[in-house]
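Here is the structure we will look at.
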């Protein structure tokens, strides 16, 4: 049962990413992959928060699996971020490619840490 | 006459992303069960992220080389790319696992895991693009 919920949550996470990406991308012609960055940073913060809540037993493990591994795993994406970094590099926009590659993982990890601290605070 | 809704507000296209995303998420979960952590490093997540980056690069390059993003090509891109590859790969687990390594004091592990994922993921995506281009070039010569 949990596995079905996990899959459904992952699908819903992917739809949330699709809709948000479409909304952000159609708002204006960004020169930087703003939508994917926004999605990955918010998703990393939220998964950190859930992991913190689970660590203090405020959130059961099955909820972390469905909401975290399922929804937030489906919501965030590594493959699109990597592809966008390749496209930036192909356009010789090295700074933007470096920011989207290395800068994003640094920022996402910092936000995951912040979420964990908030989630595990008593 | 009313304008067609933008793709991200069409229920049918959302359904394609939902199905692809659900299957991709299940596949990621299964790989996570099958591939153990080695030296505290989440090799399952590492594997899906690199594999998904390669497949998405090849898919987007292949579809882009076949023509504009309409009808069947758009359906394939949304089901297999946005849905499956997006659901299969994950950025949030990358960030949270890196943070967990840092909190355990394994700074070297954290740096190696995050940097290896980003650098090799970019190379995997570029390799996917290059493979699809090569295939398209061969098709072009024989056609």
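Cβ from N, Cα, C; glycine included.
Pulled from TrEMBL, these are the features on record:
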type     : residues   : note
BINDING  : A:73, A:76 : Na(+) binding site
TRANSMEM : A:50-75    : transmembrane segment
TRANSMEM : A:96-118   : transmembrane segment
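Of all the binding-site residues listed (A:73, A:76), A:73 sits in the most crowded Cβ setting, with the most other Cβ atoms within 10 Å.
Proximity of distant same-chain residues to the transmembrane segment (A:50-75), defined by a Cβ-Cβ separation under 8 Å and at least 6 residues beyond the stretch ends, is recorded for 2, 5-14, 16-17, 39, 43, 112, 115-122.
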